[in-house]
Every structure is written in C-alpha cells, then in structure tokens.
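Here is what TrEMBL records for this protein:
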- 28-43: compositional bias 'Low complexity' (COMPBIAS)
- 240-274: compositional bias 'Basic and acidic residues' (COMPBIAS)
- 1-55: region 'Disordered' (REGION)
- 183-210: region 'Disordered' (REGION)
- 240-287: region 'Disordered' (REGION)
- 302-336: repeat 'WD' (REPEAT)
- 346-387: repeat 'WD' (REPEAT)
- 432-464: repeat 'WD' (REPEAT)
- 564-597: repeat 'WD' (REPEAT)
Amino acid sequence: MDLLRSYADKTDDDDDSPEEPLKEPENTSASPSSPDTSSDSPPHMSLPAKTSAPHVDDTALALTTAVSDRIIHRPLDPSQHAVSFNPTYDQLWAPIYGPAHPYAKDGIAQGMRNHKLGFVEDASIHSFLFDEQYNTFHKYGYAADPSGLSYVGDLETLERNEALSVYNIPQQEQKRRRLELKANEADDSAEAADNTNPGTENPASDEWLLKNRQSPWAGKKEMIQGELTEEQKKYAEEYAEKKAEKGRGGEGRGDKTDHVDKSTFHGKEERDYQGRSWVAPPKDAKPSNDHCYIPKRWVHTWSGHTKGVAAIRFFPKHGHLLLSAGMDSKVKIWDVFNSGKCMRTYMGHSKAVRDISFSNDGAKFLSAGYDKNIKLWDTETGKVISTFSTGKVPYVVKLNPDQDKQHILLAGMSDKKIVQWDMDSGKITQEYDQHLGAVNTITFVDNNRRFVTSSDDKSLRVWEFGIPVVIKYISEPHMHSMPSISLHPNGNWLAAQSLDNQILIYSTKERFQLNKKKRFAGHIVAGYACQVNFSPDGRFVTSGDGEGKCWFWDWKSCKVFRTLKCHEGVCIGCEWHPLEQSKVATCGWDGMIKYWD
C-alpha cells in the first residue's frame, strides 16, 4: 500500500494537476479480527472513468432527428427499398406526384386506383369561373387561387384594382362606356348626314373607305329587293303557311291556343229537290224482322282517315249515317244507304279524337280530343255550337239519354273526375270525384237514374245521377281495368271488356253482382281498349281484338259463334246496325272502316 501511495504522489506531482489529493476512503467494512490493517495496508482509491466508445457529434444527431421528423409527415417515396419508421395510413395511401411509379405495370401503384385508368381526384370548378380567372390573369396579371383563400400573380395591381375581375366592371366604368357609346353613335349619325351630300367626299377614295370601314359584326347593308323568281315565291308561301300553322296549333306543347273550327261538305248538294236535308233519314228505312244474324262477307270499305280510327257510331234509330273519330284529329260522317261516300268532315281538334257521341235525334254530336277540348257540333251544318274544357284530357263523353235532359253533358276526365256541364249555360253543375285513376266509361242504367263508371283504378262505381256519392263500389283483387262497357238491350246486364282477355257480365239490379255463369273469352285484348257491343236483339255479343279480328259469341251458351279477320293491326271498335239485322261496321288502327253483311 505504501508503494501505491508513493506512486500516486509521483503521478500527481508529474501531472501538476490542480485536482485535490485523493482522500483515503473510510473502511467501514473492516473486519474486527484485523485491527492493524489501517496501519499495515495502503488505503483504497477510485480511478477516473474511461470509455472505449467513439466520439459522437451531437449537432449532427439533432439535425438528423429533425429531418426524420419532417420525413415522417411526407408521403412515402416508392423508389426507396427500406422504411426507417412506421408510416401512417394516410402516408401509405397518399397520391404520388412527379414521375410514374417504377414498380407498377401501367405506371400507377395498385393502391392508388379508384378508376380503371388510375387515380382520379375530384376537381370542382365551374367553367365560367375558370374562364373568368384565366382572362383576368392574362389581362391584369393576377388571379384567385383555386382554393379561394388567396391570390397569385401581381399583388400590387391586385390592390390597385381592388381584386376586380374582367367580368366585374365597376359602375364608373360602365357609365363611361355608355357615354362613349352614345358619343360614337352621335358621331356616326353626323357622318351619315354629311355623307348624304355627294360633294363632301368621294366614296371611291381610300380616305372615305378607311373612315367608313365597319367591323365584320356590323349589320349588313340593306339591298334593294328586286322581282322574286317563281321558286322564291313558292318557298315564301310554304314558309308563311308553316309559320301560320305553328302559331295556330301549339300541338307540341298542348296549350290552350284556339284551333280554327271548320267543316267541309263532300256531297253533291246539302238539300234535295224536295228540300230535305242530307241528314234526314230515309222514309222506307224500317226493320224487316227482329232476328239478327252473324255477318259472313265484307261488302264495303270507307277509307278517308290518314291515321287510325278510334271509334264509330251509327246514326240513332236509323243508321243511315256512320260517324267516325280519327286519330288524324278529324271527325267524318259517311253515307251508309246510298253512295257509301264521305258526306262531311269536321275539323276542330288539334290532336287525335278520343270519343264521339250522338244526341238522341242525331242533330248534334259530341267529340272529345286529346287537345283537352270537348266540342258540340251541329251534324248538318258542321258548325261548332260550343266548346268545353277543364284543362284535362276527356276520355269519354255522354249526353243524358232522357229527352228532357239532352242539354246535360257528362265527361270522364284524365284527372279522375266525372264532370257534368249544363250546355245551355256552359257552366259545370256537378263533379263526381271518387275514382283513383282516369275515368274510361260512363254507362246509364236503371231508366237513366243511375250511371256506372269504370276507371284505370280497376274498379266499378255506381252513382245516382246528380248526387256525387258512390252508392255501389265494386273492386276485387282479381279485377282488371275495364276500358269499355256496353248495356244489354233488355237493360238488365252490363258487358265489361276486361283487360285479362275476357268479357264479364254484371247485373244492373240493386246489388250489381257479377254473373259468374257468363264469361266470354278467346280474344286477345290485353293492352287495347277494344269496344264491346250487343246485337239489337241481344242474342250476340261482339268485340274486336288486338289481332284485327272481330269475335261473335252466343249470349246464352257463351260459345264463340264466329270470328272475322277484319283489319291489319288492332280492331278497336265494332257497331251493329240498328235496323239491318245482319250488318256490322268495324274500325281499326289501319285507318279503315269496313262494313260486313
């Protein structure tokens, strides 16, 4: 221990260190068995700590840590092979800017797809706003940032112009431009007045041309119109005619522009040598017997409509005239007994005619068209007596069959209502509003005290005439829409054309029950409003169908008696002649009306 102490003293002397001399540590753990150790052994000492690790630059370490912190918030670089930190979800799916991805087949990483061609980001900027900022930047040198939070470009001009764009002209600028425009117009008028004097300037000189030069957008000079050629005259007439038709009709819009009501008589003379009208029935027209027969052959065709025929009606009681409603917006009446030609054409509707109905004496008739008008015509003269409209399309029109109520009109409309007019006053006297769909038929029953209506809501409703309360409501889950209903000649039964290809029979007594024993089927009418009818003696039921056939069933046995191929396309209507027991008229969408005997 003495040697160590002397060695330590020498070391301290040699180094001339200012450090304090080493103190002998207290030996707290000395054993009592060796009390002389303090004098015999040298004291303990602690040596300075030495490390073998290399020197570390703290400044470089701090910079590296700061850079790594910045990198953590950036998207990953797809070109690096190792990631020294745990990236977040946003970093993994952040879009890549710059060159294409080197490890994807089509240049875009598989994770960066929301479209089959790559990644598409939403960009919503209106084309007008883009043009505004684009033109503003090219004129003033500044524009709004797409984010809308700042501006880019020449900020001094921005402050001077108060962030004005090319499309926002200040009021002072607008006023100045208006004044300049007025001044220019005044100068032009003064120059024009000076130019009226031929002595002031020579129009052939270059100075005059430069002074009076106009832009390409200036109005063309008026030329003196000479004589029109024949071709030009023809073109001008056709153009004027088309313009007049367009102003008259308004067909494309369905508005309420008035259509010119006119009628054309096609016969030789309206009155014969005895002074009788062409509408008057022949005196010898009487039924030969009461037994009806099924027609067998086609005897006549009336062809005058350019489009399909929607409905036909024989003249009441005599049937010497046949009225037809065409989809070409015309109503025609045909001679049945004598010449078989068209007697008069009624032109008052601007769209297809849906339904027609005679008065009891045949002197007047109603027509309902898709132009939302109902017109009352004088059959003989062809004049329109009155026009009715509610702004909705009328699907069916009927006059009250009572002789003292021939001035009352009922119309089933497309807005689910049955409207009742008093034609003498022209006012609506009642509205029956219970249906849930467009009204298709109106049929008077029970001595005209009640009427039955059918609708697109697949129901039948019975009304008391004049009282808008349903007294009977018929609707079953198996029922289909019934676009046509006809009354049996004895008045006890209703035949309803159902769109499930059958004809159903309902009683007209108090309960209006369905007669389950009578059902007429075999024809195809699904989707077509083919009309059903009875023979005058009630022995046969007849109906058209969608394949152009006319079907005849026996009333008692409900068996098919005969079918006739009548039309190309849909046979929409069939009417039995009121006097001649074996003659039937049919109409179809091929524009033909055929007569069968």
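Even glycines carry a Cβ here, placed using N, Cα and C.
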Using DSSP, how many residues in the repeat 'WD' (302-336) fall into helix, strand and coil?
0 helix, 20 strand, 15 coil
If I take every residue in the repeat 'WD' (432-464) and average their pLDDT values, what number comes out?
92
Using DSSP, how many residues of the repeat 'WD' (346-387) fall into helix, strand and coil, respectively?
0 helix, 23 strand, 19 coil
